[in-house]
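**Q** In case it's useful when we look at the structure, here is the feature table from Swiss-Prot:
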BINDING   CYS3, CYS6, CYS18, CYS25  [2Fe-2S] cluster binding site
BINDING   HIS249, GLU273, CYS317, CYS405, CYS433, CYS458, GLU492, LYS494  hybrid [4Fe-2O-2S] cluster binding site
MOD_RES   CYS405  cysteine persulfide
Amino acid sequence: MFCVQCEQTIRTPAGNGCSYAQGMCGKTAETSDLQDLLVAVLQGLSAWALQARELGIIDSQIDSFAPRAFFSTLTNVNFDSDRIVEYAKDAILLRHSLAVRCRLLDSTITVDHPLAELQLVADDIPSLLQQSQQFALNNDKADVGDDIHGLRMLCLYGLKGAAAYMEHAHVLGQSDEQIYAEYHAYMAWLGTQPRDVDTLLNNAMGIGKMNFNVMAILDQGETQAYGDPQPTSVNVRPVAGKAILISGHDLKDLHMLLEQTQGTGINIYTHGEMLPAHGYPELKRYPHLVGNYGSGWQNQQTEFAKFPGPILMTSNCIIDPNVGNYGDRIWTRSIVGWPGVNHLDGDNFAPVIEQALGMAGFPYSELEHLITVGFGRQTLLNAADTVIDLVASKKLRHVFLVGGCDGSRTERSYFTDFARSVPQDCIIMTLACGKYRFNKLDFGTLEGLPRLLDVGQCNDAYAAIMLAVKLSEKLGCTVNDLPLSLVLSWFEQKAIVILLTLLSLGVKNIYTGPTAPGFLTDNLMAILYEKFGMQPITTVEQDMQAILGH
């Protein structure tokens, strides 16, 4: 096993990365190694998809399958070895079918790629594990050096994050042929084990630019289906009655669950990155969507154990449900998996509903505690003139975007302290699950504008980017000239690709934490600082002084 993709990876003087029987996330060495094999198979599939495009063949099934299967290898998504193997088998079947179609047009065609003809050596996991050793991500690290290896991981993990957003968009009926073509090109290229520093850096930025377009179609899919988010009060305390908890990012799953639970007397609660759903008009119209439960994903083993109903996981993040003894009432969807728990293949949530009806639910309602969500793209753009007026009249000094991933590291208290320290003449935008570090605090208002604006899920960084672009256009300056600072927390691969997106757009002077990614060497961090001014967080006082100047 070798995995260095998340923030909690093992770090030692000898090197960074989880390389024992189990990773810090709970992923076994078996699952990790099989995921490496799956990635290699998917790289070969993408090589064929590129070749097919040259012949005018575009296989929409492959275009949707490839990023979905890649998504299953993200942190805290799928821990089920059998399902990882099934993805690899399906990929090879799709590749074979595509090759047949290509050879009907050109019987002599071959694909010049080291993984183009990769086959699984057997059906049994022990044999596949032996085969997977050929594709360990650190196999040639000693040969190419830490910097080249780190850049490869930056591209690979960034592309994983983009693949996740591609799948979220696909679920909502959104696709783009150019995006799929770029995805296959980057995926196939990574399978050649690239060694050129400039190419690696340029393609990392290319992946970021591609992801901007992915976030755009995802935003389009969400708003076309459910309307533009509106500022909405959300109760974060339990309400008496039977209950189902839904976690992850998939708004379509939430919509289907709300439809299927109408009239049952079951209350639906969001968790984690599903919180922003309350701002969408077509979702918040359901009266049994009663609130949000819990905090950051890392606390789920305690919080889920106390939840008196079934839990539906629609995407990341899932961690070991056996710790809290709730494995019998957690249900996984789509690419999510944990060995031995219930998995739903179709769109019928009847088993979940039946389980909820058989449980007690919450015995009483607690006193309401309301927070506000729903400051999405359109709401932010509509507020642009107000923001400009407040800045011009010197009533608004600075805007901070403080958000990103949450996690268990104690250093993450920095983000709570930072938000608390933001002066009263400044406002905070936040997004993703990092908001749980401070989103239940009362920040008040500034000239009628809430000082804390919850922009949405991690992919809603797109909304913040669009606001920054509009403000810069109206003020006749660059985004980097705005009184705007980004203080971002990262944990996994979606955060990596959002960072690449921001850098590819030329956004500079981003503060990141709580630690640097384990795959980025000191040399690479120095390059990112030199090119983009990106720097690790230090102390709240020091960083605030550097940003505001006093």
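The backbone N, Cα and C atoms fix where each Cβ goes, glycine too.
What you see is a predicted model, and the numbers here were worked out from it, not measured in a lab.
In terms of burial and nearby residues, how do these features look in this structure?
**A** In the three-state DSSP assignment, the secondary structure recorded for CYS6 ([2Fe-2S] cluster binding site) is coil.
Here the Cβ of GLU273 (hybrid [4Fe-2O-2S] cluster binding site) has 29 other Cβ atoms within 10 Å, regardless of which shown protein chain they belong to. In the three-state DSSP assignment, the secondary structure recorded for GLU273 (hybrid [4Fe-2O-2S] cluster binding site) is helix.
The Cβ of CYS405 (hybrid [4Fe-2O-2S] cluster binding site) lies under 8 Å from the Cβ of GLU7, ALA432, CYS433, GLY434, CYS458, SER489, TRP490, PHE491, GLU492, LYS494, ALA495, each of these being in the same chain and 6 or more residues away along the sequence. Classification of CYS405 (hybrid [4Fe-2O-2S] cluster binding site) by DSSP places it in coil, neither helical nor stranded.
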**Q** Can you tell me how many other Cβ atoms are located within 10 Å of the Cβ belonging to LYS494 (hybrid [4Fe-2O-2S] cluster binding site)?
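**A** Excluding its own Cβ, the number within 10 Å is 33.
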**Q** If we check Cα distances from CYS18 ([2Fe-2S] cluster binding site), which of the binding-site residues HIS249, GLU273, CYS317 wins as closest?
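**A** The smallest Cα gap between CYS18 ([2Fe-2S] cluster binding site) and any of the binding-site residues is with CYS317.
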**Q** I'd like the number of other C-beta atoms within 10 A of the C-beta of CYS25 ([2Fe-2S] cluster binding site), please.
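**A** A 10 Å sphere around the Cβ of CYS25 ([2Fe-2S] cluster binding site) contains 21 other Cβ atoms.
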**Q** Could you round the CA separation between CYS25 ([2Fe-2S] cluster binding site) and GLU273 (hybrid [4Fe-2O-2S] cluster binding site) to a whole angstrom and send it over?
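**A** Approximately 18 Å lies between the Cα of CYS25 ([2Fe-2S] cluster binding site) and that of GLU273 (hybrid [4Fe-2O-2S] cluster binding site).
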**Q** Compute the mean position of the Cβ atoms of CYS3, CYS6, CYS18, CYS25, which form the recorded [2Fe-2S] cluster site, and then list in sequence order the other residues of that chain whose Cβ is within 8 Å of it.
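**A** Filtered neighbour residues, in order: VAL4, GLN5, GLN8, THR9, GLY17, GLY23, MET24, LYS27, SER32, THR75.
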**Q** So which other residues, same chain and not among HIS249, GLU273, CYS317, CYS405, CYS433, CYS458, GLU492, LYS494, have a Cβ within 8 Å of the centroid of the Cβ atoms at the hybrid [4Fe-2O-2S] cluster site?
**A** GLY272, TRP297, ASN316, ALA432, GLN457, PHE491, ALA495
